[in-house]
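What follows is one structure encoded as structure tokens, with my remarks underneath.
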Amino acid sequence: MANSGQKVVLITGCSSGIGLRIAVTLAEDEKKRYHVIATMRDLKKKDKLLEAAGDAYGKTLMLLPLDVCSDDSVKQCINNVKDRHIDILINNAGVGLLGPVESISIEEMKRVFETNFFGVVRMIKEVMPDMKKRRSGHIVVMSSVMGLQGVVFNDVYTASKFAMEGFCESMAVQLMKFNIRLSMIEPGPVHTEFETKMMEDVAKMEYPGVDADTVRYFKDVYLPSSIDIFEAMGQTPDDIAKCTKKVIESNSPRFRNLTNSLYTPIVALKYADETGGLSVNTFYNLLFNFGPLMHITMSILKCLTCSCLRRRTVSPN
């Protein structure tokens, strides 16, 4: 139970990665300003979180089961919070999907949207009425740079993030009237076990029904380039957790928060040309015409990206 003066923070998707690190970072706050409710779909996967939380578990951090894809689970989780009082909701739960779109079934696409989009909508719908009554609250949504700029072979994942960005951009205007802030956290590549395993799995997969050229472009062109970008520009879950903490502690939190300043020029391409041609043609040339040059560039960037520069990239300010 939260102590007087503590803010109640509910976080989805805390079994590993970014969600785990956000939960532990807030629970270990030196001033003990937060009572963290870390949630996950399967509490059998709690061991990593409990190990990382250490003594904070049972004091500034508690666990609740939550499946963001279930209306009943969402309602039951919020009902288990004292007075349904949540000061800060951090929507982190998400799933990825990578590969040629011809090989992805409609059911697989729906599952991505069920978690990445409708899961966020369920959570916001459940906590928003109480926040409106109190005229207070902060909703944080873990988006992605792919919610701002499409990335080849990430078509469905990108679409789910675009949908979420549009929803939140619309909601933010209404919520301001009730003194509720809405913030998007927009990481680029993040080094997690999930991302590593997904990359390894898709490289081994067969893609029946997909033409040979597309499979070759995916495996021999896109994947190597993607790995280069991850190695040169990737952040850690701790980086994202620190950025998120800064956002929720800001007196005037921004709506959009790119966690990695190295991505700012890439996103800017999209808005520099209203026809969309500049960003589409740039990404086409980088991938298909200047692949070797991009590999060299990423290698140089990896060498130049020292710890000092990485520290600069985690601040939303």
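Glycine is no exception: its Cβ is also placed from the backbone N, Cα and C atoms.
Summarising the annotation, TrEMBL assigns domain 'Ketoreductase' to 7-193. Averaged over the domain 'Ketoreductase' (7-193), the predicted model has a pLDDT of 96.
In sequence order, V8, V9, L10, I11, M62, L63, L64, V81, I86 make up the list of same-chain residues 6 or more apart from I37 (NADP(+) binding site) whose Cβ falls under 8 Å from its Cβ. Annotated NADP(+) binding site per TrEMBL: 13-41, D67, K161, in sequence order.
The substrate binding site annotation in TrEMBL covers S144.
Look at TrEMBL and you will find Y157 tagged as active site, proton acceptor. Non-local contacts of Y157 (active site, proton acceptor) by the CB criterion (under 8 A, 6+ apart in sequence, same chain) comprise G96, L97, L98, V112, N116, S144, M146.
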Binding-site residues compared (G13, G17) - the one with the fewest other Cβ atoms within 10 Å: G17
Same-chain residues at least 6 apart in sequence whose Cβ lies under 8 Å from D29 (NADP(+) binding site): T60, K245
